[in-house]
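J.: Below you'll find the structure I mean.
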Amino acid sequence: MELRMKKVSVIAAAVAATLAAGSAFAVDFHGYMRAGVGVSADGGQQVTFEKQKIGRLGNEGDIYGEIQLGQEVYNNNGKTFYVDSMIAVTSNGSNDWEGTASNCGTTVSHPDGQDPSATTKCVDDAEFALRQFNVQAKGVLDFAPEATLWAGKRYYQRHDIHISDFYYWNISGAGAGVEGIEAGPGQLSFAWVRNDRNDNFKLGENNPGDTPDAGNDGGAANVNTLDLRYAGLPVWENGSLELGLNYALVNETDDASDAAKDAKDGVMFTAELTQGLDSGFNKTVFQYGTEGYSKTMAFYGDGSWYGAEANDGASGYRLINWGVIGMGQNWEMGHQLVYGVGEDMWDGQDKLETMSVVVRPMYKWDDNHKTIFEAGYAIDDNDGAENKFGKLTVAQAWSAGSSFWARPEIRVYASYLTADKDDNSNAFDGGRSDDTFQFGVQAEAWW
């Protein structure tokens, strides 16, 4: 009996040690996903059309996911080190097997094999991306033990509107910084992030927009973004202010093109007022940008890409209001209002104005069942040439809770999309129609 009890004690101790070790090395698992299936009344798969301007509900034809794994690897005397990582994947959901080698080098004329003249490397395949890989250290700065010192690649203090997937302040990328320094009533953060200019962007007949730099890794102009923010400044009851300044430094090499050498550094200023409400919140944002940041204001940019090819003296600004509020026991509504201006961005261009209105009211039948409506309308006016876009969506949804933000959620939807373009071109059905209907089912989750 005594021997048996000793064996039990040894086993219990081993199990306890294993559990303790598992707790010490527990990995934080977070993520996001959206996926589904949809068709267009014109034939073929559903489309994704101007969702930042007219809303994303019933207007996403892709599959997208993020897998985030992180772990605290050191904790001693108030000092911690955390390693974070994230892989993202996107595809159009056309097949069961979607990978980086799917249908590579094939064309319509060579559907079953390699086409030696093909310029497209892969068709209808999945794309994988390294989105985050960084180290975050807390308690290591003697002058600010509450702050976080970080380096690597990361999502950095992103600001977005969920109902349109519109990121209006987001310089994420590879970099380093210190965030969360207590300074008076708020917190101060500073970062340096690399945001090289993609030289494939083209806009304007007389200005191709390319800023190639053969001497830089990747062949595009090297842009370094310096970011300074002061957040959490109380202004009145339930109201707080965040202020930010971004400086884009174009760092060309001797082998850079003339366009890259002529590119000017730019400044983007952001002020965001957040108002807490009894049944939700509201945010009002003002942004102003010079030089390449003028295009950020005009084309729903977020600051992570810099329009280095913009004309010298270009400028722009943007006003945004968005939020989510409860309206009684069963109704909630999200909205966005956007007005942006870009001026003198390329030769012959004077003023581009963009306006967007999106509303998403939701009725909750019970804790897990809701009906969602979304309507969006947008106008782009470039020196009198107007493009108008619209969308109406109705969806029945089942979610893990009744909140506007409750996820996972499965939704069945029907959408009507329309486009009225200044050049009379058609946006749908391969250029044969100016409107379309689509129907589908989508799941969305974050954890």
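Every residue gets a Cβ built from N, Cα and C, even glycine.
Got these off Swiss-Prot a minute ago, pasting:
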SIGNAL    1-26  signal peptide
SITE      Tyr32  site 'Greasy slide, important in sugar transport'
SITE      Tyr64  site 'Greasy slide, important in sugar transport'
SITE      Trp97  site 'Greasy slide, important in sugar transport'
SITE      Tyr167  site 'Important in sugar transport'
SITE      Phe281  site 'Greasy slide, important in sugar transport'
SITE      Trp405  site 'Greasy slide, important in sugar transport'
SITE      Trp446  site 'Greasy slide, important in sugar transport'
J.: Return one of helix, strand or coil for Trp97 (site 'Greasy slide, important in sugar transport'), based on DSSP.
T.: coil
J.: Once near-sequence residues are set aside, which residues in the chain of Phe281 (site 'Greasy slide, important in sugar transport'), 6 or more away, have Cβ atoms under 8 Å from its Cβ?
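T.: Phe281 (site 'Greasy slide, important in sugar transport') has long-range Cβ partners Thr274, Gln275, Gly323, Val324, Ile325.
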J.: How big is the Cα-to-Cα gap, in Å, between Tyr167 (site 'Important in sugar transport') and Tyr32 (site 'Greasy slide, important in sugar transport')?
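T.: That separation, Cα to Cα, works out to 16 Å.
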J.: Given Trp405 (site 'Greasy slide, important in sugar transport') and Trp97 (site 'Greasy slide, important in sugar transport'), what distance in Å do their CA atoms have, once rounded to a whole number?
T.: 31
J.: Measure from the CA atom of Tyr32 (site 'Greasy slide, important in sugar transport') to the CA atom of Trp446 (site 'Greasy slide, important in sugar transport') and give the result in Å, rounded to a whole number.
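T.: So the Cα of Tyr32 (site 'Greasy slide, important in sugar transport') lies 4 Å away from that of Trp446 (site 'Greasy slide, important in sugar transport').
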J.: Hey, what's the Cβ neighbour count for Tyr167 (site 'Important in sugar transport') at 10 Å?
T.: 17
J.: Just counting, how many other CB atoms are there within 10 A of the CB of Tyr32 (site 'Greasy slide, important in sugar transport')?
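T.: There are 16 such Cβ atoms around Tyr32 (site 'Greasy slide, important in sugar transport').
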J.: Can you tell me how far the Cα of Tyr32 (site 'Greasy slide, important in sugar transport') sits from the Cα of Tyr64 (site 'Greasy slide, important in sugar transport'), in Å?
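T.: Taking the Cα atoms only, Tyr32 (site 'Greasy slide, important in sugar transport') lies 8 Å from Tyr64 (site 'Greasy slide, important in sugar transport').
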